[in-house]
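All remarks here apply to the structure that follows.
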Amino acid sequence: MEQQQPERREGRSFPERKGQKRKLEEGAAAAAEDREISTSTTTDGGGDAILNEIAAQVSVLNSAFSWQESDRAAAKRATQVLAELAKNAEDLVNVIVDGGAVPALMTHLQAPPYIDGDLAQKPFEHEVEKGSAFALGLLAIKPEYQKLIVDKGALPHLVNLLKRSKDCSTSRAVNSVIRRAADAITNLAHENSSIKTRVRLEGGIPPLVDLLEFSDSKVQRAAAGALRTLAFKNDDNKNQIVECSALPKLILMLGSEDAAIHYEAVGVIGNLVHSSPNIKKEVLSAGALQPVIGLLSSCCPESQREAALLLGQFASTDSDCKVHIVQRGAVRPLIEMLQSPDVQLKEMSAFALGRLAQDSHNQAGIAHSGGLGPLLKLLDSRNGSLQHNAAFALYGLADNEDNVSDFIRVGGIQKLQDGEFIVQATKDCVSKTLKRLEEKIHGRVLRHLLYLMRISEKSIQRRVALALAHLWLELLLGLLGSTNTKQQLDGAAALYKLANKSMALSPVDAAPPSPTQRVYLGEQYVNSATLSDVTFLVEGRRFYAHRICLLASSDAFRAMFDGGYREKDARDIEIPNIKWEVFELMMRFIYTGSVDITIEISQDLLRAADQYLLEGLKRLCEYTIAQDITLENIGGMYDLSEAFHAMSLRQAYFRD
């Protein structure tokens with residue numbers, strides 16, 4: 001049985017690896033550095049005022065392309081105003097683009113020409129280019145705007161900005177313009193495969209790889225973020241990133257104390273590795289395994305998630321890698337992550353443990369490190385992907401004989417038997433896990449379980465007994481279908497004795513009460529035309545009823561009369577496939593809360609009670625049926641309990 005690789009999220013809940021679109025927002029330090037205007041100056045006023053403001057700033061950019069200090073100051077302010085508008089009001093992006101801002105900003109991605117008569121000093125050097133890159137990155141929120149900006153020629157200029165540290169001495173302004181250029185490339189290439197390719201063709205990958213060693217941590221982070229996006233679903237980009245010797249630099253970044261840096265680094269490696277087995281081998285050969293395991297204990301949940309997913313991908317390479325991951329200390333932090341309130345964190349750790357648990361050397365270690373309990377608990381999740389990953393991990397652990405008693409001791413058999421599983425793949429996985437456990441209960445495993453029955457506390461003894469009954473019951477029922485008459489008789493006799501002993505140990509002295517207390521209309525209104533507002537047609541005969549009574553009785557009738565069904569406004573409702581006497585008894589129970597049930601009608605009435613969600617009547621039927629278990633019908637009774645989820649009837653066999 002195979003576990004699915006993590007998929008990109010399109011209708012599935014499994015977490016993905018994707019190039020993150022950077023939120024190009026100002027932090028506190030950047031605010032002091034970049035802003036010389038307030039939000040109110042750009043967003044206050046009506047629509048006409050904003051349109052006029054945009055037009056004015058575009059006009060400034062179109063007319064102020066020179067080294068004159070007044071032009072540089074005006075251009076810098078114009079880029080800031082447009083960026084502020086785009087960032088604080090995304091609905092204005094369309095207006096800004098339609099107002100001609102893109103070509104105007106494009107002009108200022110490069111320094112103006114230096115002509116005779118200009119001052120030797122260059123006012124606001126790098127700052128106008130930085131503002132233009134920042135604004136263009138914010139405008140790239142739609143594919144059509146990404147294409148427009150790139151078609152206008154932005155990429156060559158942005159790539160040149162990445163190289164400014166080679167042409168100029170390092171300064172705060174240089175660092176900022178490089179960072180904004182990398183961020184703009186990230187946004188332009190986000191989920192746009194053609195632009196990712198164009199970045200590579202324009203020579204953008206080598207300078208980004210070089211920037212992974214830059215002295216400024218913000219520049220490192222921005223470069224890694226861009227590479228992460230460019231590597232996503234683009235094999236040619238992946239190969240060039242590796243060929244540019246990015247792996248040693250990224251692995252060093254994994255050990256950074258800056259959470260933002262190691263988060264981006266592990267994200268780049270994850271996108272490089274995904275669906276690329278050759279790169280995966282190179283990453284492992286370069287020494288990435290231990291730093292990635294170290295990130296499982298990071299204070300950054302995002303890095304933990306990426307590291308767990310990456311380890312799961314490493315674990316698919318070969319058995320040796322699975323063993324090495326466990327030997328290097330990954331199991332305990334992964335188990336701790338299973339108990340996190342973060343659903344994605346639990347999902348990724350369950351995925352990694354599922355991969356690791358497919359190796360026989362790891363199975364006992366994961367169980368004895370405390371992995372069984374948290375994985376079983378995840379079966380209660382209503383997240384289908386999380387539930388499936390946990391089930392797959394348990395399937396692996398069930399393959400080791402040393403884990404069988406632990407499964408039973410923590411109540412794992414009951415959890416697997418009684419769980420409500422969302423997707424069919426999980427149901428199949430659980431079924432195969434139970435089969436694995438069943439096949440291993442012999443020899444030393446069976447001797448150990450019998451030993452536990454003698455020396456353990458009562459709760460453990462009960463779990464062992466129930467588990468053995470559950471697992472062996474299937475074997476006994478299988479004997480009933482045997483072609484060997486003696487095996488059929490032996491199986492039936494064993495089931496009969498088991499049922500009788502269970503009844504003797506815990507007799508049901510009285511029928512169970514209705515689970516909910518209700519007020520009933522009374523016997524006099526059963527099939528009475530008095531105040532009747534709905535009529536059922538059963539086997540061609542009319543049965544008079546009252547909507548208010550039916551609405552109070554079950555969710556099935558509430559759906560029929562309050563929901564969108566055609567019966568909602570119907571006066572006469574035909575009831576197919578139910579006999580008159582069965583329907584009459586069911587309605588009598590609804591009106592009075594009690595009814596006498598004979599063994600002859602009990603099974604048909606159980607079907608009707610299950611169909612109309614009448615739990616109280618269903619339990620009365622189960623009680624009646626349980627009194628009539630015989631050697632001849634025991635197999636059919638068990639099938640009946642399974643078909644209608646009749647838990648009281650089923651538990652009659654195993655009651656302690």
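Glycine is no exception: its Cβ is also placed from the backbone N, Cα and C atoms.
According to TrEMBL, the feature compositional bias 'Basic and acidic residues' maps to 1-37.
The region 'Disordered' annotation in TrEMBL covers 1-48.
Feature annotation from TrEMBL assigns repeat 'ARM' to 153-203 (among others).
Under the heading repeat 'ARM', TrEMBL lists 203-238 (among others). Here the repeat 'ARM' (203-238) has Cβ contacts under 8 Å with residues 17-22, 155, 158-159, 162-163, 165, 170, 175, 178-179, 182-183, 185-186, 189-190, 193, 196-197, 244-246, 249-250, 253, 256, 258, 260-261, 264-265, 267-268, 271-272, 276, 279 of the same chain, all six or more residues outside its ends.
Counting only same-chain residues 6+ beyond the ends of the repeat 'ARM' (245-287), those with a CB under 8 A from a CB of the stretch are 5, 17-20, 209, 212-213, 217, 220-221, 224-225, 227-228, 231-232, 235, 238-239, 294-295, 298-300, 302-303, 306-307, 309-310, 313-314, 317, 321. The repeat 'ARM' annotation in TrEMBL covers 245-287 (among others).
Among the features that TrEMBL reports, repeat 'ARM' is placed at 329-371 (among others). Per-residue pLDDT, averaged over the repeat 'ARM' (329-371), rounds to 95.
Taking DSSP states H, G and I as helix and E and B as strand, the repeat 'ARM' (370-412) has 33 helix, 0 strand, 10 coil. Taken from TrEMBL, the feature repeat 'ARM' covers 370-412 (among others).
Taking H, G and I as helix, E and B as strand and the rest as coil, DSSP gives the domain 'BTB' (532-599) the counts 31 helix, 13 strand, 24 coil. Under the heading domain 'BTB', TrEMBL lists 532-599.
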Helix, strand and coil residues within the repeat 'ARM' (203-238) as assigned by DSSP: 28 helix, 0 strand, 8 coil
Helix-strand-coil residue split for the repeat 'ARM' (245-287), DSSP-based: 33 helix, 0 strand, 10 coil
